[in-house]
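Chemist: Shown below is the structure under consideration.
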Amino acid sequence: MRLIIREDYDEVSGYVANYVKERINQFQPSAERPFVLGLPTGSSPIGTYKKLVELFKAGELSFKNVVTFNMDEYVGLPRDHPESYHSFMWNHLFKHVDIKPENVHILDGNAPDLDEECKKFEADIARVGGIELFLGGIGPDGHIAFNEPGSSLTSRTRVKTLAYETIIANARFFDGDVSKVPKLALTVGVATVMDAREVCITITGAHKSIALAKCIEEGVNHMWTVSAIQMHPKGLVVCDEDATLELHVKTVKYFKSIEHVHHSLIGAENLSLQGGVKQLRAPGSGNARPATPMNGPYE
Amino acid sequence: MLSTNKPAPKSKITKIVNARLLLDHKIVKDSYLWFQDGKIIHPQNLFFDQHRDADEIIDAQGMMVVPGYMDIQINGGYGIDFADHEGSLDKIQKDVDTVAKGLLQYGCTAFCPTVVSSAPEVYNKVLPLLNKRKGDAKGGSEILGAHIEGPFISHEKKGAHNQEIFRTGKRGIDEFDEAYGPELKKGSEAVSIITLAPEIEGVTEVIPELANRGICVSIGHSAATIDVAENAVAKGATLITHLFNAMLPFHHRDPGMIGVLGAVDLPAPVDPARHPSASNTSPDRTKPDPRPFYGLIVDGVHVHPNSVRIAYYAHPKGCVLVTDALSALGLPKGLYTLGGRELEIDDNGAAYIKGTNTLAGSTISIDQSVRNFRQFTKCTVVEAIEAATLHPAQVLGISDRKGTLNPGGDADLLFLNDDLEIQRVFVYGEEVELTKNKK
């Protein structure tokens, strides 16, 4: 697992957006071989989406051959309700960029047969060859998507009943009226996310620090479902300084030093985008960290 | 809520990017405007349900995109007077078309052709040609129905009208139907606004009947005192014709019709949608305003800029910019006719009855009015534009399809630069060729 620590929410958003851009551009997607991206909702990815829109408007990124699968959607909420995840994705990303409508997949919370809808979603993912990169956030209780504590770590896309705490937390978007908040949601499972070839989780803020600590310093545990990332061959967690508050000092120093070794001693030009080392060259090819997409202008 | 049952037509979807849109009473940057088949649409459902995306993208290059201007009091232009009944029906029809086409150049995408006091024969001939008519980028601005100004008005406050034709309403609504002919019975299909003086015998009693026909009743060209004016509003008048002009001047102990702006105990509006929205200046700040709208001519000649500002801040949500433009609009300084009278236009563009000091109307355009208004009152850009878009649409009860950029509205659009000068004009989603842009 790679842990990338940046100063604050803005730097984290910038890092993830740049990373997505580089991954897509290196992949060189085409109509026959599109880049399949998994996307989250919530407050964590808003900054990332904003920066992705900026990159698109600057001409550095195109979504023409990108296929997307969202993590979740409420059950029973009209699709054009301002709080639906369809509306969220439309307003934060899709309406700004050149993604093709038929390449967008979001679970349909109004499907007549919800189980069929979930099975169909899994089948759609398989049909495009699986997800290349799945972006995600984390809840204060360490959950990914709507896989709340106790969710099986081998779960797949299914209907979930929302925890009371989650319903209360969401009431602020429904005029403070708990009765208006949806009680059920469709969500990808923990295993659905971990099946992706790469998983990138964004974790910012002090209120997420305990969850981050539980997920990467302690065992794989269904009470903290993001901990399943420990079993993934290509896991990437990007967090800000506040989110590291509950980590051991040793952990933070370790991951910061790895970045330093990679960039100063091995040289960014020898690293592949996903962290692998391509070759070793003589040191002295640069003491200062050269500017690369991974450490951009915000270093 | 938007229906997802009907399949969307396969027609072209246009998306405007890089624009500053007037949405929800604010200028908004990171939003886009979508339209299809001449209507503004909300594309989210088309995207997810029908997998439709934009077919054409228009780059507004940072300009402001606002609804098309609406002028509810305009007597003619380009040498043409709507009250001119001489000539064949064909000629009159062509003349109306000429004005409608010309108005597009000023960003006026919808208007009420105004007919000054005339004899019944004139109305019978002319009104049928001024019925509601959809706008078209080549054919001209949309006609919202006629504004008939007089002849049930005051001799004292006639302005440039011919007082020999003035009448009273002694015999009630029948007198009105006789004066205007069968078009009046069609109500708002043919006649959108009627200006009358409530102190004239029998007139106030007819107001409810006219309002019932869907016509906006406007009080003006009147010597009414504050009581008579307030009573007319209570009976259903929802507009004051060119405030300050052709009415008693404001006196602190007898504010006259102008004093209606300060009324607090008017009855609650019967149709709140056709009254100004609630504001900090409303008698009850949470309920629709019982006060009427009021037209203002802002050429700087008819009303002193300070007076404009005083009226505006007394009742900001009720302000409607009108041009009251004459046949001389669009023509150079000289001599012209209005309703059979000879007029002289001076250097300021003000028109006086030849040889007198009586103002007869203006030659100002609606887009210049918006610029003047902003300068006179130092109001915000949004406030200045709404006085020429949202408020006139509310007067006519059509704010669901005109005067805003909300989905469901007609795609009448103006692209403005920071000085509120018109750069591009669209009517029902089609671009108008602007003569100033032609080489």
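Each Cβ is built from the backbone N, Cα and C atoms, and glycine gets one as well.
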Chemist: TrEMBL records B:Glu149, B:His242 as Zn(2+)-binding residues. Which of B:His221, B:His252, B:His275, B:His304 is assigned to the same site?
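Modeler: Candidate listed by TrEMBL for the same site: B:His221.
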Chemist: Please report the distance from the Cα of B:Gly361 (substrate binding site) to the Cα of B:Asp324 (active site, proton donor/acceptor), rounded to the nearest angstrom.
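Modeler: Answer for this pair: 6 Å between alpha carbons.
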Chemist: What is the total of other Cβ atoms whose distance to the Cβ of B:Leu359 (substrate binding site) is within 10 Å?
Modeler: 21
Chemist: For B:Ala360 (substrate binding site), what is the secondary structure state per DSSP, taken as helix, strand or coil?
Modeler: strand
Chemist: Give the helix, strand or coil assignment DSSP yields for B:Glu149 (Zn(2+) binding site).
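Modeler: Looking at the DSSP assignment, B:Glu149 (Zn(2+) binding site) belongs to a strand.
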Chemist: If you compare CA-to-CA distances from B:Asn245 (substrate binding site) to each of the recorded positions B:Glu149, B:His221, B:Asp324, which comes out shortest?
Modeler: B:His221
Chemist: Quick one: give me the count of other CB atoms within 10 A of the CB of B:Ala246 (substrate binding site).
Modeler: 26
Chemist: Need one number: mean pLDDT over the domain 'Amidohydrolase-related' (B:64-432).
Modeler: 92
